[in-house]
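Comments concern the structure below.
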Amino acid sequence: MSGRSPARLTVLAGPTAVGKGTVSAAIRAQHPEVWLSVSATTRAPRPGEVDGVHYRFLSEEQFDALEVSGDLLEWAVVHGRHRYGTPRSPVAERLAAGTPTLLEIDLQGARQVRRTMPDARFVFLAPPSWEELVHRLVGRGTEDAEERERRLATARVELAAEPEFDHVIVNDDVARAAEELAHLMTE
Ligand SMILES: Nc1nc2c(ncn2[C@@H]2O[C@H](COP(=O)(O)OP(=O)(O)O)[C@@H](O)[C@H]2O)c(=O)[nH]1
Ligand SMILES: Nc1ncnc2c1ncn2[C@@H]1O[C@H](COP(=O)(O)OP(=O)(O)O)[C@@H](O)[C@H]1O
């Protein structure tokens with residue numbers, strides 16, 4: 001018998017506050033066989049976020065070192081402010097072991113992965129409406145008005161990129177959206 005064949009990588013992108021984190025958490029809870037990559041970031045932790053679980057929270061100098069070492073599969077400055085990137089080795093190890101692997105990254109990162117790993121599956125998480133997206137961003141209450149405006153400006157650009165993706169999942173209901181994504185990842 002040959003060993004397990006490498007799993008396919010799935011990239012989940014979508015605008016701020018559409019529910020990427022919520023849907024990813026639902027998958028983690030319901031489908032322990034799926035591994036969610038932990039990104040590195042220079043942004044500060046939000047209340048309740050745990051270093052090494054939600055993100056690896058790095059200083060600017062630590063992120064520089066990671067970038068120079070070549071161990072980032074992709075990285076980008078998101079919302080014109082902080083750097084976010086995907087550590088390469090853990091992803092390669094999980095895929096080689098046959099583990100379905102999910103990256104929750106922004107549009108710029110998704111485009112970089114499209115160039116370097118064209119066999120990956122690209123999924124766009126879409127809001128039911130623009131009004132609902134704004135409602136979720138305000139309701140989350142984690143950004144001030146200026147930061148929300150910045151994120152909504154990025155969101156308009158990201159929504160226009162929906163046709164670049166292989167699949168679109170509308171996040172009207174978290175459990176349904178998570179099941180749809182898990183199904184795509186494990187089919
Ligand atoms: N390119 C890239 N983007 C990332 C990565 N990790 C997170 N992001 C994106 O960075 C953006 C900001 O994330 P975050 O600060 O958690 O804010 P939120 O999306 O509003 O919850 C989102 O679009 C994420 O998808 C990464 O490793 N690479
Ligand atoms: N399907 C949904 N219906 C209603 N509210 C949702 C849904 N999905 C997520 N939310 C809420 O929207 C807000 C933004 O979700 P979050 O997961 O932080 O988004 P993202 O990671 O895409 O920025 C949170 O307050 C979350 O509870």
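Don't overthink the numbers, they just go from 1 along the chain as shown.
Using the three backbone atoms N, Cα and C, a Cβ is placed for every residue, glycine included.
Feature annotations, reproduced from TrEMBL:
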- G14, P15, T16, A17, V18, G19, K20, G21: ATP binding site (BINDING)
- 7-186: domain 'Guanylate kinase-like' (DOMAIN)
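G21 (ATP binding site) falls within a helical segment according to DSSP. Of all the binding-site residues given, namely P15, G19, G21, the one with the smallest number of surrounding CB atoms inside 10 A is G21. For ligand 1, the binding-site residues lying close by, meaning a CB under 6 A from one of its atoms, are T16; the full candidate list was G14, T16, V18, G19. Among the binding-site residues P15, A17, V18, K20, G21, the residues whose Cβ sits under 6 Å from any atom of ligand 2 are A17, V18, K20, G21. Excluding G14, P15, T16, A17, V18, G19, K20, G21 themselves, the residues of that chain whose CB lies within 8 A of the CB mean position for the ATP site are, in sequence, L125, P127, L133, R136, N171. The Cβ of V18 (ATP binding site) has L125, A126, P127, L133, R136, N171 as same-chain neighbours under 8 Å, each 6 or more residues away in sequence.
Within the same chain, residues at least six positions away from G14 (ATP binding site) with a Cβ under 8 Å of its Cβ are K20, F124, L125, A126, P127, E158, N171. Long-range Cβ proximity for T16 (ATP binding site), meaning a same-chain Cβ under 8 A and a gap of 6 or more residues, is found for H79, L133, L137, R151, L152, T154, A155. For A17 (ATP binding site), applying a Cβ distance below 8 Å and a minimum sequence separation of six or more within one chain yields L133, R136, L137, R140, R151, A155.
For K20 (ATP binding site), the number of other Cβ atoms no farther than 10 Å from its own Cβ, over all displayed protein chains, is 19. Per-residue pLDDT, averaged over the domain 'Guanylate kinase-like' (7-186), rounds to 95. In the three-state DSSP scheme, G14 (ATP binding site) is classed as coil.
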